[in-house]
Amino acid sequence: MALLVWQDDLNIGIDVIDQQHRRIIEMLNHLHVAQTSMQRAAVGEVIDEVVDYTMSHFAFEEELMEEAGYPFCAAHKRVHEVFIKRVAEYRLRFQAGEDISDELRTMLSRWLFNHIRGDDQAYADQVKAHLNQFAREHQSGGWLGRTLKRFFG
């Protein structure tokens with residue numbers, strides 16, 4: 001499998017989320033490099049990094065959806081929970097000595113691309129509107145308003 005390449009249709013228009021998604025894709029490419037160089041310890045480190053980073057990304061994304069009052073937030077959270085359980089199973093298989101790198105990378109890339117293009121695009125407009133409203137309300141707030149605009153505007 002070749003290295004993954006960011007595609008413009010993966011942008012949801014919330015800069016911080018788009019940057020986090022790009023970082024996950026970079027990690028998947030690191031997984032590929034570690035696997036092709038036959039470095040099992042490096043593969044394990046990348047798997048741990050992907051899992052940890054993805055969980056923090058999900059928590060951040062879910063907080064944004066909740067704050068924006070996104071009506072399908074609970075369903076979106078359940079999708080995240082199922083994904084985390086699935087990846088945890090791969091992690092256990094790896095720890096048991098199984099070579100799951102290709103299978104995991106394929107599953108992760110397909111899932112991520114489909115999730116961004118579907119589930120994440122679905123909440124983007126509502127979250128952007130909420131963030132823009134918040135920034136407008138706090139625009140005179142100096143640093144906070146500028147920071148919010150930089151990250152979310």
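Start at 1 and count along the chain as shown; that gives each residue its number.
Any Cβ shown, glycine's included, is placed from N, Cα and C.
GLU61 (Fe cation 1 binding site) falls within a helix when secondary structure is assigned with DSSP. The Fe cation 1 binding site annotation in Swiss-Prot covers HIS21, HIS57, GLU61, ASP120 and rests on sequence analysis.
Secondary structure at HIS76 (Fe cation 2 binding site), as computed by DSSP, is helix. The Fe cation 2 binding site annotation in Swiss-Prot covers GLU61, HIS76, HIS80, HIS115, ASP120 and is backed by sequence analysis.
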Would you kindly give the Cα-Cα distance separating HIS76 (Fe cation 2 binding site) and ASP120 (Fe cation 1 binding site), rounded to the nearest Å?
9
Identify which of the binding-site residues GLU61, ASP120 has its Cβ surrounded by the largest number of other Cβ atoms within 10 Å, counting every protein chain shown.
GLU61
Looking at Cβ-Cβ distances, which residues of the chain lie under 8 angstroms from HIS57 (Fe cation 1 binding site) while being 6 or more apart from it?
GLN20, HIS21, ILE24
List the Cα distance (Å, whole number) between HIS115 (Fe cation 2 binding site) and GLU61 (Fe cation 1 binding site).
13
